[in-house]
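Notes to accompany the following structure.
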Amino acid sequence: MRITMVGLGYVGLVTAASLAEIGHHVTCVDQDENKVRQLKEGILPFYEPGLRELITNLTSKSSLTFTTSLERSCLGAEVIYIAVGTPPNDDGTVDLSSLETVALQLAGYIKADVIVVIKSTVPVGTNDYVKRLIDEHLPTPVSVDIVSNPEFLREGTALHDTFFGDRIVIGANNPDAAKVIEEINKPFNVPIVKTTLQNAEMIKYASNAFLATKISFINEIANICEKVGADIADVAKAMGMDKRIGPQFLQAGIGYGGSCFPKDTRALMQISGNVAHEFALLKAVIDVNNKQQTLLVEKAKQRFGKLDERRIAVLGLAFKPNTDDIREAASLVVIEQLLTEGATVTVYDPVAMNNAKLVLNDQVLYAESVEAALKEADMALIVTEWEIIKQADLPKWRNLMNEPIIFDGRNCFDPSKMAEHNIEYHSIGRPVSMHLN
Ligand code: UDX
(Lines of atoms letter the chains of each structure in order from A and count residues from 1; the text may use other names and numbers.)
(Lines give C-alpha, C1' and ligand atoms only; values in the text may rest on other atoms or scores of the structure.)
Protein backbone atom coordinates (compact mmCIF):
# COMPACT_ATOMS: atom_id res chain seq x y z
CA MET A 1 0.00 0.00 0.00
CA ARG A 2 1.03 3.61 -0.50
CA ILE A 3 0.97 5.20 2.92
CA THR A 4 1.64 8.72 4.16
CA MET A 5 2.73 9.29 7.77
CA VAL A 6 2.14 12.81 9.05
CA GLY A 7 4.16 13.73 12.16
CA LEU A 8 7.62 12.28 12.75
CA GLY A 9 7.73 12.13 16.50
CA TYR A 10 8.22 8.92 18.37
CA VAL A 11 5.06 7.12 17.32
CA GLY A 12 5.08 8.40 13.74
CA LEU A 13 8.66 7.45 12.96
CA VAL A 14 8.55 4.01 14.58
CA THR A 15 5.22 3.19 12.91
CA ALA A 16 6.38 4.45 9.51
CA ALA A 17 9.57 2.38 9.64
CA SER A 18 7.68 -0.70 10.81
CA LEU A 19 5.06 -0.38 8.03
CA ALA A 20 7.83 0.03 5.44
CA GLU A 21 9.64 -2.99 6.86
CA ILE A 22 6.58 -5.20 6.26
CA GLY A 23 6.43 -4.14 2.62
CA HIS A 24 4.49 -0.88 2.32
CA HIS A 25 5.71 2.29 0.64
CA VAL A 26 5.70 5.00 3.27
CA THR A 27 6.18 8.71 2.69
CA CYS A 28 6.98 10.48 5.94
CA VAL A 29 6.07 14.13 6.27
CA ASP A 30 6.87 16.69 8.93
CA GLN A 31 6.82 20.48 8.87
CA ASP A 32 10.16 20.62 10.70
CA GLU A 33 12.66 21.14 7.86
CA ASN A 34 15.67 20.44 10.02
CA LYS A 35 14.21 17.14 11.24
CA VAL A 36 13.40 16.01 7.68
CA ARG A 37 16.85 16.99 6.39
CA GLN A 38 18.55 15.06 9.18
CA LEU A 39 16.33 12.02 8.72
CA LYS A 40 17.30 11.91 5.05
CA GLU A 41 20.90 11.70 6.28
CA GLY A 42 20.03 8.94 8.73
CA ILE A 43 20.13 11.17 11.82
CA LEU A 44 17.25 10.52 14.22
CA PRO A 45 15.64 13.19 16.44
CA PHE A 46 15.68 10.82 19.43
CA TYR A 47 17.39 7.65 20.60
CA GLU A 48 15.67 4.31 20.12
CA PRO A 49 17.60 1.01 19.94
CA GLY A 50 17.69 -0.45 16.40
CA LEU A 51 15.65 2.30 14.74
CA ARG A 52 18.49 4.18 13.05
CA GLU A 53 19.78 1.03 11.37
CA LEU A 54 16.27 0.09 10.21
CA ILE A 55 15.55 3.55 8.80
CA THR A 56 18.91 3.74 7.00
CA ASN A 57 18.24 0.39 5.38
CA LEU A 58 14.66 1.27 4.33
CA THR A 59 15.71 4.68 3.01
CA SER A 60 18.39 3.08 0.83
CA LYS A 61 15.68 0.84 -0.70
CA SER A 62 13.37 3.88 -1.17
CA SER A 63 10.52 2.18 0.69
CA LEU A 64 10.74 4.99 3.25
CA THR A 65 11.04 8.59 2.07
CA PHE A 66 10.93 11.95 3.83
CA THR A 67 9.45 15.28 2.82
CA THR A 68 8.16 18.54 4.28
CA SER A 69 5.42 18.82 1.64
CA LEU A 70 2.12 17.53 3.00
CA GLU A 71 0.49 18.35 -0.34
CA ARG A 72 2.88 16.20 -2.38
CA SER A 73 2.86 13.41 0.19
CA CYS A 74 -0.91 13.08 -0.26
CA LEU A 75 -0.71 12.50 -4.02
CA GLY A 76 -1.57 8.86 -4.66
CA ALA A 77 -1.70 7.98 -0.94
CA GLU A 78 -4.23 5.24 -0.22
CA VAL A 79 -3.99 5.67 3.54
CA ILE A 80 -2.84 8.72 5.51
CA TYR A 81 -1.71 8.18 9.10
CA ILE A 82 -1.68 11.12 11.51
CA ALA A 83 0.74 10.84 14.42
CA VAL A 84 1.15 14.45 15.52
CA GLY A 85 1.63 15.34 19.18
CA THR A 86 -1.36 15.81 21.46
CA PRO A 87 0.41 17.35 24.47
CA PRO A 88 -1.33 18.26 27.72
CA ASN A 89 -2.58 21.78 28.43
CA ASP A 90 -1.87 23.21 31.89
CA ASP A 91 -5.30 22.13 33.12
CA GLY A 92 -4.80 18.49 32.01
CA THR A 93 -6.96 18.78 28.89
CA VAL A 94 -5.47 17.62 25.60
CA ASP A 95 -4.11 20.17 23.14
CA LEU A 96 -5.58 19.12 19.78
CA SER A 97 -4.32 22.13 17.82
CA SER A 98 -1.69 20.21 15.79
CA LEU A 99 -4.25 17.55 14.90
CA GLU A 100 -6.79 20.20 13.85
CA THR A 101 -4.21 22.01 11.73
CA VAL A 102 -3.20 18.82 9.92
CA ALA A 103 -6.85 17.80 9.39
CA LEU A 104 -7.69 21.17 7.82
CA GLN A 105 -4.59 21.09 5.60
CA LEU A 106 -5.37 17.53 4.51
CA ALA A 107 -8.91 18.51 3.59
CA GLY A 108 -7.44 20.94 1.08
CA TYR A 109 -5.05 18.40 -0.44
CA ILE A 110 -7.17 15.23 -0.60
CA LYS A 111 -8.30 14.69 -4.20
CA ALA A 112 -9.44 11.04 -4.11
CA ASP A 113 -11.07 8.60 -1.69
CA VAL A 114 -8.75 7.91 1.20
CA ILE A 115 -8.60 6.46 4.71
CA VAL A 116 -7.22 8.66 7.47
CA VAL A 117 -5.82 6.73 10.43
CA ILE A 118 -5.35 8.57 13.71
CA LYS A 119 -2.42 7.23 15.75
CA SER A 120 -2.24 10.14 18.17
CA THR A 121 -3.77 9.55 21.61
CA VAL A 122 -6.98 11.58 21.63
CA PRO A 123 -10.02 11.94 23.92
CA VAL A 124 -13.17 9.98 23.14
CA GLY A 125 -15.09 11.66 20.32
CA THR A 126 -12.03 13.22 18.65
CA ASN A 127 -11.94 10.83 15.69
CA ASP A 128 -15.56 11.71 14.90
CA TYR A 129 -14.71 15.39 15.26
CA VAL A 130 -11.75 15.10 12.86
CA LYS A 131 -13.99 13.34 10.32
CA ARG A 132 -16.48 16.24 10.50
CA LEU A 133 -13.68 18.79 10.24
CA ILE A 134 -12.25 17.18 7.09
CA ASP A 135 -15.66 16.59 5.49
CA GLU A 136 -16.71 20.21 6.05
CA HIS A 137 -13.57 21.53 4.36
CA LEU A 138 -13.27 19.15 1.41
CA PRO A 139 -13.40 21.16 -1.83
CA THR A 140 -14.15 18.02 -3.88
CA PRO A 141 -16.77 15.41 -2.97
CA VAL A 142 -14.53 12.45 -2.12
CA SER A 143 -15.02 9.87 0.61
CA VAL A 144 -12.74 10.11 3.67
CA ASP A 145 -12.99 7.34 6.24
CA ILE A 146 -11.51 7.73 9.70
CA VAL A 147 -9.88 4.87 11.58
CA SER A 148 -8.58 5.01 15.13
CA ASN A 149 -5.45 2.90 15.57
CA PRO A 150 -3.98 3.71 19.01
CA GLU A 151 -0.35 2.98 19.76
CA PHE A 152 0.85 0.77 22.61
CA LEU A 153 4.60 0.74 22.02
CA ARG A 154 7.02 1.56 24.81
CA GLU A 155 10.02 3.79 24.33
CA GLY A 156 13.25 1.82 24.44
CA THR A 157 11.55 -1.34 23.14
CA ALA A 158 9.47 0.27 20.42
CA LEU A 159 10.43 -2.02 17.54
CA HIS A 160 10.07 -5.16 19.59
CA ASP A 161 6.66 -3.97 20.79
CA THR A 162 5.52 -3.33 17.21
CA PHE A 163 6.60 -6.69 15.83
CA PHE A 164 5.68 -8.72 18.92
CA GLY A 165 2.78 -6.66 20.29
CA ASP A 166 -0.10 -8.12 22.28
CA ARG A 167 -2.79 -6.61 20.05
CA ILE A 168 -3.52 -4.09 17.33
CA VAL A 169 -6.68 -2.07 17.91
CA ILE A 170 -8.61 -0.83 14.88
CA GLY A 171 -11.60 1.39 15.54
CA ALA A 172 -13.86 2.39 12.65
CA ASN A 173 -17.47 3.11 11.78
CA ASN A 174 -17.04 1.77 8.26
CA PRO A 175 -16.17 -1.98 8.22
CA ASP A 176 -14.58 -1.65 4.76
CA ALA A 177 -12.09 0.91 6.06
CA ALA A 178 -11.35 -1.32 9.07
CA LYS A 179 -10.70 -4.21 6.68
CA VAL A 180 -8.13 -2.19 4.71
CA ILE A 181 -6.22 -1.29 7.89
CA GLU A 182 -6.45 -4.90 9.05
CA GLU A 183 -4.84 -6.04 5.76
CA ILE A 184 -2.08 -3.44 6.13
CA ASN A 185 -1.25 -4.76 9.60
CA LYS A 186 -1.60 -8.50 8.91
CA PRO A 187 2.13 -9.10 8.26
CA PHE A 188 2.89 -8.07 11.87
CA ASN A 189 1.14 -11.29 12.86
CA VAL A 190 -0.26 -9.68 15.99
CA PRO A 191 -3.88 -10.30 17.16
CA ILE A 192 -6.21 -7.63 15.76
CA VAL A 193 -9.21 -6.21 17.63
CA LYS A 194 -11.76 -4.47 15.42
CA THR A 195 -14.12 -2.20 17.26
CA THR A 196 -15.83 1.21 17.23
CA LEU A 197 -14.04 4.56 17.16
CA GLN A 198 -15.12 5.36 20.72
CA ASN A 199 -13.99 1.99 22.04
CA ALA A 200 -10.58 2.32 20.40
CA GLU A 201 -10.10 5.75 21.93
CA MET A 202 -11.14 4.46 25.35
CA ILE A 203 -8.98 1.31 25.16
CA LYS A 204 -5.85 3.44 24.92
CA TYR A 205 -6.65 5.59 27.97
CA ALA A 206 -7.95 2.68 30.03
CA SER A 207 -4.84 0.58 29.30
CA ASN A 208 -2.41 3.31 30.29
CA ALA A 209 -4.45 4.22 33.37
CA PHE A 210 -4.53 0.58 34.45
CA LEU A 211 -0.75 0.19 34.07
CA ALA A 212 -0.22 3.41 36.02
CA THR A 213 -2.55 2.01 38.70
CA LYS A 214 -0.46 -1.15 38.93
CA ILE A 215 2.68 0.93 39.47
CA SER A 216 1.16 3.20 42.11
CA PHE A 217 -0.33 0.17 43.85
CA ILE A 218 2.99 -1.67 44.10
CA ASN A 219 4.70 1.54 45.21
CA GLU A 220 2.24 1.92 48.08
CA ILE A 221 2.78 -1.72 49.05
CA ALA A 222 6.54 -1.03 48.97
CA ASN A 223 6.11 1.97 51.24
CA ILE A 224 4.21 -0.19 53.74
CA CYS A 225 6.83 -2.97 53.42
CA GLU A 226 9.47 -0.54 54.65
CA LYS A 227 7.43 0.19 57.76
CA VAL A 228 6.56 -3.41 58.65
CA GLY A 229 9.93 -4.97 57.83
CA ALA A 230 8.81 -6.80 54.67
CA ASP A 231 10.69 -6.88 51.35
CA ILE A 232 8.87 -5.71 48.20
CA ALA A 233 11.08 -7.86 45.95
CA ASP A 234 9.69 -11.09 47.42
CA VAL A 235 6.19 -9.68 47.82
CA ALA A 236 5.96 -8.50 44.18
CA LYS A 237 7.53 -11.70 42.84
CA ALA A 238 4.99 -13.94 44.57
CA MET A 239 2.10 -11.62 43.70
CA GLY A 240 3.13 -11.69 40.03
CA MET A 241 3.13 -15.48 39.95
CA ASP A 242 -0.65 -15.31 40.26
CA LYS A 243 -1.68 -15.32 36.58
CA ARG A 244 -4.60 -13.04 37.37
CA ILE A 245 -2.11 -10.39 38.56
CA GLY A 246 0.86 -11.09 36.25
CA PRO A 247 4.50 -10.17 36.89
CA GLN A 248 4.75 -7.04 34.74
CA PHE A 249 4.55 -3.47 36.02
CA LEU A 250 5.11 -4.56 39.61
CA GLN A 251 8.54 -2.98 39.82
CA ALA A 252 8.45 -0.60 42.79
CA GLY A 253 10.41 2.61 42.44
CA ILE A 254 10.13 6.37 42.51
CA GLY A 255 7.15 6.46 40.24
CA TYR A 256 6.25 6.54 36.58
CA GLY A 257 7.18 9.33 34.17
CA GLY A 258 7.48 9.76 30.41
CA SER A 259 5.33 11.20 27.68
CA CYS A 260 2.32 8.91 28.16
CA PHE A 261 1.31 7.84 31.67
CA PRO A 262 1.32 11.29 33.34
CA LYS A 263 -0.39 12.91 30.34
CA ASP A 264 -2.93 10.17 29.69
CA THR A 265 -3.95 9.72 33.35
CA ARG A 266 -4.54 13.46 33.67
CA ALA A 267 -6.50 13.47 30.40
CA LEU A 268 -8.69 10.58 31.56
CA MET A 269 -9.40 12.53 34.76
CA GLN A 270 -10.54 15.40 32.54
CA ILE A 271 -12.63 13.13 30.34
CA SER A 272 -14.39 11.62 33.37
CA GLY A 273 -14.85 15.10 34.87
CA ASN A 274 -16.53 16.23 31.65
CA VAL A 275 -19.19 13.57 32.08
CA ALA A 276 -19.53 14.36 35.82
CA HIS A 277 -17.91 11.09 36.88
CA GLU A 278 -15.58 11.30 39.87
CA PHE A 279 -12.72 8.90 39.07
CA ALA A 280 -11.49 8.69 42.68
CA LEU A 281 -9.23 5.70 42.03
CA LEU A 282 -7.34 7.39 39.21
CA LYS A 283 -6.95 10.56 41.26
CA ALA A 284 -5.31 8.49 44.01
CA VAL A 285 -3.00 6.85 41.44
CA ILE A 286 -1.80 10.28 40.28
CA ASP A 287 -1.42 11.61 43.85
CA VAL A 288 0.57 8.53 44.90
CA ASN A 289 2.87 8.97 41.91
CA ASN A 290 3.48 12.65 42.59
CA LYS A 291 4.41 11.82 46.18
CA GLN A 292 6.52 8.82 45.17
CA GLN A 293 8.74 10.97 42.96
CA THR A 294 9.77 12.98 46.05
CA LEU A 295 10.51 9.90 48.17
CA LEU A 296 14.23 9.53 47.48
CA VAL A 297 15.12 13.04 48.58
CA GLU A 298 12.78 12.73 51.59
CA LYS A 299 14.75 9.62 52.62
CA ALA A 300 18.03 11.50 52.24
CA LYS A 301 16.67 14.39 54.30
CA GLN A 302 15.47 12.03 57.00
CA ARG A 303 18.92 10.47 57.14
CA PHE A 304 20.95 13.70 57.14
CA GLY A 305 18.62 16.46 58.29
CA LYS A 306 19.94 19.02 55.84
CA LEU A 307 21.36 18.50 52.38
CA ASP A 308 22.86 21.96 51.88
CA GLU A 309 26.48 22.01 50.81
CA ARG A 310 26.43 18.28 50.20
CA ARG A 311 27.83 17.00 46.93
CA ILE A 312 25.25 14.69 45.45
CA ALA A 313 25.55 12.50 42.35
CA VAL A 314 22.34 11.82 40.43
CA LEU A 315 22.71 8.70 38.26
CA GLY A 316 20.23 8.40 35.41
CA LEU A 317 18.08 11.20 34.00
CA ALA A 318 15.90 9.50 31.37
CA PHE A 319 12.40 8.56 32.55
CA LYS A 320 13.45 4.94 32.04
CA PRO A 321 16.43 3.07 30.50
CA ASN A 322 17.13 2.87 26.75
CA THR A 323 15.69 6.24 25.91
CA ASP A 324 16.98 9.82 25.94
CA ASP A 325 13.51 11.10 26.85
CA ILE A 326 13.35 13.13 30.05
CA ARG A 327 9.74 14.27 29.71
CA GLU A 328 8.06 14.09 33.15
CA ALA A 329 11.08 12.11 34.39
CA ALA A 330 11.40 11.56 38.14
CA SER A 331 14.98 12.90 37.82
CA LEU A 332 13.65 16.41 37.22
CA VAL A 333 11.62 16.31 40.44
CA VAL A 334 14.59 14.87 42.37
CA ILE A 335 17.01 17.50 41.04
CA GLU A 336 14.63 20.37 41.73
CA GLN A 337 14.24 19.18 45.33
CA LEU A 338 18.01 18.84 45.76
CA LEU A 339 18.65 22.31 44.38
CA THR A 340 15.98 23.77 46.68
CA GLU A 341 17.78 22.08 49.58
CA GLY A 342 21.00 23.83 48.53
CA ALA A 343 22.90 20.70 47.44
CA THR A 344 25.59 20.68 44.74
CA VAL A 345 24.30 18.28 42.10
CA THR A 346 26.38 16.36 39.54
CA VAL A 347 24.39 14.36 37.00
CA TYR A 348 25.16 11.56 34.57
CA ASP A 349 23.09 9.67 32.02
CA PRO A 350 24.47 7.56 29.15
CA VAL A 351 22.19 9.12 26.48
CA ALA A 352 19.92 11.81 27.96
CA MET A 353 22.59 14.42 28.79
CA ASN A 354 21.86 16.69 25.83
CA ASN A 355 18.14 16.75 26.54
CA ALA A 356 18.87 17.39 30.22
CA LYS A 357 21.15 20.33 29.40
CA LEU A 358 18.30 22.01 27.53
CA VAL A 359 16.17 21.89 30.69
CA LEU A 360 18.66 22.13 33.56
CA ASN A 361 21.17 24.54 31.97
CA ASP A 362 23.91 25.46 34.43
CA GLN A 363 22.00 24.58 37.60
CA VAL A 364 23.87 21.27 37.85
CA LEU A 365 27.29 19.88 36.95
CA TYR A 366 27.49 17.38 34.09
CA ALA A 367 29.80 14.36 34.48
CA GLU A 368 31.21 12.35 31.59
CA SER A 369 30.76 8.97 33.26
CA VAL A 370 29.20 7.28 36.27
CA GLU A 371 32.62 7.28 37.92
CA ALA A 372 33.17 10.99 37.27
CA ALA A 373 29.79 11.77 38.84
CA LEU A 374 30.62 9.69 41.92
CA LYS A 375 34.07 11.21 42.48
CA GLU A 376 34.07 12.88 45.90
CA ALA A 377 30.28 12.68 46.17
CA ASP A 378 28.77 12.65 49.66
CA MET A 379 26.00 10.38 48.42
CA ALA A 380 24.53 9.05 45.16
CA LEU A 381 20.89 8.95 44.10
CA ILE A 382 19.96 6.38 41.45
CA VAL A 383 16.98 7.51 39.37
CA THR A 384 17.13 5.37 36.20
CA GLU A 385 18.03 1.68 36.15
CA TRP A 386 20.47 1.79 33.22
CA GLU A 387 22.45 -1.42 32.68
CA ILE A 388 25.69 0.55 33.05
CA ILE A 389 24.57 1.47 36.58
CA LYS A 390 23.34 -2.01 37.51
CA GLN A 391 26.71 -3.47 36.48
CA ALA A 392 28.55 -1.26 38.92
CA ASP A 393 32.07 -2.00 40.05
CA LEU A 394 31.03 -1.51 43.68
CA PRO A 395 34.49 -1.47 45.30
CA LYS A 396 35.43 1.25 42.78
CA TRP A 397 32.26 3.22 43.59
CA ARG A 398 33.06 2.95 47.27
CA ASN A 399 36.58 4.29 46.80
CA LEU A 400 35.50 7.19 44.60
CA MET A 401 32.88 8.56 46.96
CA ASN A 402 33.50 10.73 50.01
CA GLU A 403 30.87 8.65 51.79
CA PRO A 404 29.66 5.32 50.39
CA ILE A 405 25.96 6.13 50.69
CA ILE A 406 23.43 5.28 47.98
CA PHE A 407 19.73 6.08 47.72
CA ASP A 408 18.38 3.84 44.97
CA GLY A 409 15.02 4.78 43.45
CA ARG A 410 14.96 1.75 41.14
CA ASN A 411 16.15 -1.13 43.35
CA CYS A 412 19.16 -1.89 41.15
CA PHE A 413 21.10 -3.84 43.76
CA ASP A 414 20.63 -6.58 46.29
CA PRO A 415 20.82 -4.92 49.74
CA SER A 416 22.84 -7.83 51.16
CA LYS A 417 25.46 -7.35 48.42
CA MET A 418 25.76 -3.70 49.35
CA ALA A 419 26.31 -4.70 52.97
CA GLU A 420 29.13 -7.00 51.81
CA HIS A 421 30.75 -4.03 50.07
CA ASN A 422 30.24 -1.92 53.16
CA ILE A 423 28.01 0.56 51.34
CA GLU A 424 25.10 2.23 53.09
CA TYR A 425 22.17 1.46 50.87
CA HIS A 426 18.60 2.77 50.93
CA SER A 427 16.16 1.48 48.32
CA ILE A 428 12.38 1.27 47.87
CA GLY A 429 10.36 -1.16 49.98
CA ARG A 430 13.38 -3.13 51.19
CA PRO A 431 15.56 -3.15 54.31
CA VAL A 432 18.30 -0.53 54.64
CA SER A 433 21.88 -1.85 54.76
CA MET A 434 24.31 0.27 56.74
CA HIS A 435 28.06 0.45 56.25
CA LEU A 436 30.24 -0.40 59.17
CA ASN A 437 32.48 2.61 59.47
C1 UDX B 1 3.85 3.50 28.11
C2 UDX B 1 3.03 2.23 27.84
O3 UDX B 1 3.69 1.08 28.40
C4 UDX B 1 2.82 2.07 26.34
O5 UDX B 1 1.97 0.95 26.10
C6 UDX B 1 2.18 3.33 25.77
O7 UDX B 1 2.05 3.25 24.38
C8 UDX B 1 3.01 4.56 26.12
O9 UDX B 1 3.22 4.62 27.54
P10 UDX B 1 6.43 4.20 27.99
O11 UDX B 1 5.99 5.50 28.57
O12 UDX B 1 7.34 4.20 26.82
O13 UDX B 1 5.15 3.31 27.56
O14 UDX B 1 7.19 3.37 29.14
P15 UDX B 1 6.86 2.20 30.17
O16 UDX B 1 7.86 1.12 29.99
O17 UDX B 1 5.46 1.80 30.17
O18 UDX B 1 7.23 2.91 31.57
C19 UDX B 1 6.54 4.10 31.99
C20 UDX B 1 7.04 4.52 33.36
O21 UDX B 1 6.63 3.60 34.36
C22 UDX B 1 8.57 4.62 33.47
O23 UDX B 1 8.90 5.79 34.18
C24 UDX B 1 8.95 3.39 34.26
O25 UDX B 1 10.12 3.59 35.02
C26 UDX B 1 7.73 3.23 35.17
N27 UDX B 1 7.53 1.84 35.61
C28 UDX B 1 7.21 0.87 34.71
C29 UDX B 1 7.66 1.53 36.96
O30 UDX B 1 7.94 2.40 37.80
N31 UDX B 1 7.45 0.23 37.37
C32 UDX B 1 7.12 -0.75 36.51
O33 UDX B 1 6.93 -1.90 36.96
C34 UDX B 1 7.00 -0.43 35.14
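One is the number of the first residue shown, and numbering goes on along the chain from there.
A Cβ is built for glycine as well, from the same backbone N, Cα and C atoms used for every other residue.
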Listed co-binder of substrate (same site as PHE152, LEU153, ARG154, GLU155, LYS204, PHE249, LEU250, GLN251, ALA252, GLY253, GLY257, source TrEMBL) among LYS61, LYS320, LYS357: LYS320
Which of THR121, THR195, THR196, THR294 belongs with ASP30, LYS35, THR86, GLU155, LYS263, ARG327 in the NAD(+) site listed by TrEMBL: THR121
For LYS204 (substrate binding site), name the DSSP secondary structure in the helix/strand/coil scheme. helix
CB contacts for ASP30 (NAD(+) binding site) [other CB atoms within 10 A, all chains]: 24
Need one number: mean pLDDT over the domain 'UDP-glucose/GDP-mannose dehydrogenase C-terminal' (313-415). 97
Filtered recorded positions, from ASP30, PHE152, ARG154, GLU155, GLY257, CYS260, whose Cβ is under 6 Å from an atom of ligand 1: PHE152, ARG154, GLU155, GLY257, CYS260
Counting each residue once, how many in the domain 'UDP-glucose/GDP-mannose dehydrogenase C-terminal' (313-415) are helix, strand and coil under DSSP? 39 helix, 18 strand, 46 coil
Filter the binding-site residues ASP30, THR86, LYS263, ARG327 down to those whose C-alpha lies within 10 angstroms of the C-alpha of GLY257 (substrate binding site); answer none if the list is empty. LYS263, ARG327
By Cα geometry, the one of the binding-site residues (PHE152, ARG154, LYS204, ALA252) nearest THR121 (NAD(+) binding site) is LYS204
